[in-house]
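Single-structure report; data block below.
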Amino acid sequence: TMWGTKWCGSGNKAINYTDLGYFSNLDSCCRTHDHCDNIAAGETKYGLTNEGKYTMMNCKCEATFQQCLRDVHGPLEGKAAFTIRKLYFGLYGNGCFNVQCPS
């Protein structure tokens with residue numbers, strides 16, 4: 001995980017759901033994202049197979065995560081959120097999926 005957080009990065013170091021790191025606003029964004037609907041690499045769900053190397057997230061969760069990161073401010077925490085946003089959405093770019101009910 002990233003310094004100052006318990007939820008940002010691969011896995012988490014939190015002892016429970018309410019356990020947040022020093023950058024609590026940023027950590028809250030990551031915690032919510034970690035609990036989003038997803039399809040793990042190599043898994044199939046909703047008739048979709050994730051053939052990528054990384055977990056594929058629900059598109060609504062990705063949009064919410066991106067906005068949450070944008071809403072984090074402060075000289076250190078804001079820069080950390082900006083860095084995560086640029087790395088995650090700029091380099092990671094695994095795509096996302098939408099679930100729609102049949103009409």
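Placed from the backbone N, Cα and C atoms, the Cβ positions cover glycine too.
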Residue in Asp19, Asp34 which Swiss-Prot records at the Ca(2+) site where Trp7, Gly9, Gly11 also bind: Asp34
Candidates Cys29, Cys30, Cys36 - disulfide partner of Cys61 as recorded in Swiss-Prot: Cys36
Residue among Cys29, Cys96, Cys101 that, according to Swiss-Prot, closes a disulfide with Cys59: Cys96
Recorded disulfide partner - Cys8, candidates Cys30, Cys68, source Swiss-Prot: Cys30
Three-state secondary structure, Cys61 (disulfide bond) (per DSSP): helix
DSSP-derived class (H/G/I helix, E/B strand, else coil) of Cys30 (disulfide bond): helix
Between Gly9 (Ca(2+) binding site) and Cys29 (disulfide bond), the C-alpha gap once rounded to whole angstrom: 12
Cys68 (disulfide bond) as reference: those recorded positions from Trp7, Cys8, Asp34 with C-alpha within 10 Å of it: none
